[in-house]
Amino acid sequence: MDLRDRFTEMREMDLQVQNAMDQLEQRASEFFMNAKKNKPEWREEQMASIKKDYYKALEDADEKVQLANQIYDLVDRHLRKLDQELAKFKMELEADNAGITEILERRSLELDTPSQPVNNHHAHSHTPVEKRKYNPTSHHTTTDHIPEKKFKSEALLSTLTSDASKENTLGCRNNNSTASSNNAYNVNSSQPLGSYNIGSLSSGTGAGAITMAAAQAVQATAQMREGRRTSSLKASYEAFKNNDFQLGKEFSMARETVGYSSSSALMTTLTQNASSSAADSRSGRKSKNNNKSSSQQSSSSSSSSSLSSCSSSSTVVQEISQQTTVVPESDSNSQVDWTYDPNEPRYCICNQVSYGEMVGCDNQDCPIEWFHYGCVGLTEAPKGKWYCPQCTAAMKRRGSRHK
């Protein structure tokens with residue numbers, strides 16, 4: 001709202017200066033046409049009046065330039081604030097899962113670039129048309145990609161939500177290469193910790209909440225117009241901020257139930273295998289019973305080793321997740337300590353915040369008013385009145401004009 005009002009004021013001042021300049025040019029041309037016919041007193045009076053109006057237009061133009069500088073500072077301050085919030089949100093996402101911001105930005109760029117048709121070269125090769133000339137067929141072709149982009153974004157959202165539900169239900173899965181084909185269970189190998197993907201996040205760090213936040217970010221990105229969509233991560237940041245308690249609860253529950261769910265699933269499988277093998281051994285001969293008991297012991301030993309490896313891997317995942325969540329927070333705290341508030345007012349010709357010793361300009365209409373000693377070449381407090389270099393140059397210029 002403030003920016004729009006300042007732009008409106010700047011536009012009004014610009015129109016006022018332009019109208020004044022047009023009128024002064026017309027008066028000057030009439031003055032030179034009628035100068036020889038009139039008396040010297042009339043010529044002096046008209047000349048002084050025209051010069052006075054020119055100086056007034058010049059002051060209005062200077063005020064317009066100062067207003068433009070204020071608008072530039074305001075926009076720059078807001079941009080720095082947005083960049084800091086975006087960097088902070090990226091650090092929070094990286095703390096939960098490393099590499100997710102790069103994946104989201106890459107997918108956003110893929111959505112920004114529409115896919116080119118295959119037969120584009122063959123369709124337009126026989127009609128030599130200039131690049132800047134309007135072509136209705138090509139315009140129609142570009143508009144046809146909007147539903148395709150929408151379909152891609154919807155498919156991406158459905159994939160993210162389905163992956164989140166799968167990751168919440170599945171436990172820790174390891175590959176048991178020594179198990180035979182007669183065993184009742186097969187454990188699939190889990191993906192290594194070094195490879196990160198939205199669909200295959202580590203369940204020990206609350207994959208469901210992270211994937212849902214990523215889905216919300218992609219949805220907010222898809223709803224925006226084509227252009228710069230990096231700042232659309234603000235939508236998922238608001239989702240984290242509004243649902244902080246629920247997300248924290250989900251993270252803690254996910255960490256606590258990983259080891260228990262995997263171990264309970266393996267124990268129930270072991271008991272079922274033991275009972276089935278015992279029933280088969282009763283109906284067979286004694287030699288077969290001995291063979292089955294030995295095979296059962298080997299399978300139980302392999303399953304117990306897989307259970308211990310599953311529990312150890314879950315503890316390793318929790319330790320890694322705790323380390324990744326602690327270290328970036330300390331880095332962010334150290335970064336915040338060295339940065340200043342973007343809303344803090346700026347002073348001096350260097351456009352920086354207040355620090356050290358500063359001197360004030362005695363001109364009441366000075367737009368800056370306060371200056372650092374080093375920027376204006378002072379080492380101690382000046383005696384008497386002191387004016388900044390800009391005000392001094394403006395006063396000298398006005399004095400020379402009045403002479």
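Including glycine, each Cβ sits where the backbone N, Cα and C put it.
Among the features that Swiss-Prot reports, Zn(2+) 1 binding site is placed at Cys348, Cys350, His372, Cys375. As annotated by Swiss-Prot, Zn(2+) 2 binding site applies to Cys361, Cys366, Cys388, Cys391. Swiss-Prot lists 290-310 with the feature compositional bias 'Low complexity'. Here Swiss-Prot flags Lys133, Lys150, Lys152, Lys241 as SUMO2 cross-link, drawing on similarity to another entry. What Swiss-Prot lists as region 'Disordered' is 112-149, 271-310. The site 'Histone H3K4me3 binding' annotation in Swiss-Prot covers Tyr347, Met358, Asp362, Trp370. The annotation zinc finger is assigned in Swiss-Prot to 345-394 on the grounds of sequence analysis.
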Quiz item: Within 10 Å of the Cβ of Cys366 (Zn(2+) 2 binding site), how many other Cβ atoms are there?
Solution: 16
Exercise. Give the sequence-ordered set of same-chain residues, not counting Cys348, Cys350, His372, Cys375, with Cβ within 8 Å of the centre of the Cβ atoms defining the Zn(2+) 1 site.
Key: Tyr347, Ile349, Gln352, Phe371, Gly374, Val376
Quiz item: So of all those recorded positions, Tyr347, Met358, Cys361, Cys366, Cys388, which one's Cα sits nearest to His372 (Zn(2+) 1 binding site)?
Solution: Met358
Exercise. Compute the centroid of the Cβ atoms of Cys361, Cys366, Cys388, Cys391, then list the same-chain residues not in that set whose Cβ lies within 8 Å of it, in sequence order, for the Zn(2+) 2 site.
Key: Asp362, Asn363, Ile368, Glu369, Phe371, Tyr387, Pro389, Gln390, Thr392
Quiz item: For Cys391 (Zn(2+) 2 binding site), what is the secondary structure state per DSSP, taken as helix, strand or coil?
Solution: helix
Quiz prompt | Residue among recorded positions Cys348, Cys350, Met358, Cys375, Cys388 with least C-beta crowding, 10 angstrom cut-off | solution = Cys350
Quiz item: Using Cα coordinates, what distance in whole Å links Cys361 (Zn(2+) 2 binding site) and Tyr347 (site 'Histone H3K4me3 binding')?
Solution: 12
Quiz item: So what's the mean pLDDT when you look at the zinc finger (345-394)?
Solution: 88
Practice problem: Would you mind pulling the DSSP three-state label for His372 (Zn(2+) 1 binding site)? | Solution: strand
